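*Asks:* Supplied in structure tokens, the structure appears directly below.
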Amino acid sequence: MGPVMLDVEGYELDAEEREILAHPLVGGLILFTRNYHDPAQLRELVRQIRDASRNHLVVAVDQEGGRVQRFREGFTRLPAAQSFAALLGMEEGGKLAAEAGWLMASEMIAMDIDISFAPVLDVGHISAAIGERSYHEDPQKALTMARHFIDGMHAAGMKTTGKHFPGHGAVTADSHKETPFDPRPASVIRDHDMAVFKSLIAEQRLDAIMPAHVIYPELDPRPASGSAYWLKTVLRGELGFDGVIFSDDLSMEGAAIMGSYAERGQASLDAGCDMILVCNNRKGAVSVLDNLSPIKAERVTKLYHKGSFSRQELRDSARWKTVSAQLEQLHARWQEAKSA
């Protein structure tokens, strides 16, 4: 299993993509909206990807809900994380969050997709990149909601990815466009933001973690996603996390501080990442594959989905019908509340 996760251009594979997927360093593939036309096409694309690849790839997507949902038409419209507690309260919201985790994971597993990068564990709604993707501004309540969603995902047969360690919720800058700084004291970052990750790791509820492309100058001069302090000293050492560490997308402007694509990839692996994401830049991905030293990402093999059922079997179930309707309704209520 190789340590590189990359993407493909369209609805089906071209010859160059088949060649790239057969590279021994490729271990994962992430799907985007541009790869989706309809459920039958998506299922066929995943089949082509599995067919072309040398390794048994981890196929991933961002299908967390709210504004980050790559596949919409033909799938349940998932509400934003913030909406569960905000509109339903902690008890009712928690129950539906668990069902949302189950439904989201089930809809993806029916497509033979292994993981959706979820849940978001960032605390608070002020960040441009996070906002409504956060469950709550109170760490304890965010933890409770995330716990429900995670349990639903696990029940469906999907592994979880907590993001963005140690917490992206308090920075207003968007790391897709620049490298944000979080100048708050170390004690606040650790006791407020990191507390959610710490609890879920102790409970063994997180199978993977995606670190933030954020610099916390009070603790380390490098972005957490490329920092041995955050990934090795804190995450592995102090918190005892033994799951998969993903880099965030090395094509984001926030990662440019780490040099060329090959340098960014190597720096992320050296810092402690198991798998690096190189998306939306074919040249960058090829450069990483050409220049990275051969390495195996054994931990990543733990992320394959469990269960095998068709989309039709899922949609015929009473549980899916009930939960799908509830989630669509909450999504509509949330959109209305935001525009009021």
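The backbone N, Cα and C atoms fix where each Cβ goes, glycine too.
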*Asks:* Have a look through Arg18, Arg133, Arg190, Arg205 and flag the one Swiss-Prot assigns to the substrate site that Asp62, Arg70, Lys163, His164 belong to.
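*Replies:* Answer, per Swiss-Prot (substrate site with Asp62, Arg70, Lys163, His164), from Arg18, Arg133, Arg190, Arg205: Arg133.
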*Asks:* Could you tell me which of these recorded positions, Asp62, Asp174, Asp248, has the greatest number of Cβ atoms within 10 Å of its own Cβ?
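*Replies:* Compared across Asp62, Asp174, Asp248, the most Cβ atoms within 10 Å surround Asp248.
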*Asks:* Around the Cβ of His164 (substrate binding site), how many other Cβ atoms lie within 10 Å? Please give the count over every shown protein chain.
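*Replies:* Excluding its own Cβ, His164 (substrate binding site) sees 27 Cβ atoms within 10 Å.
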*Asks:* Considering only the recorded positions Asp174, His176, Asp248, which fall within 10 Å of His164 (substrate binding site) when distances are taken between Cα atoms?
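*Replies:* Those close enough are Asp248.
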*Asks:* What is the nearest of the recorded positions Asp174, His176, Asp248 to Asp62 (substrate binding site), using the Cα of each?
*Replies:* Asp248
*Asks:* Going by DSSP, is His164 (substrate binding site) part of a helix, a strand, or coil?
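*Replies:* Its secondary structure by DSSP: strand.
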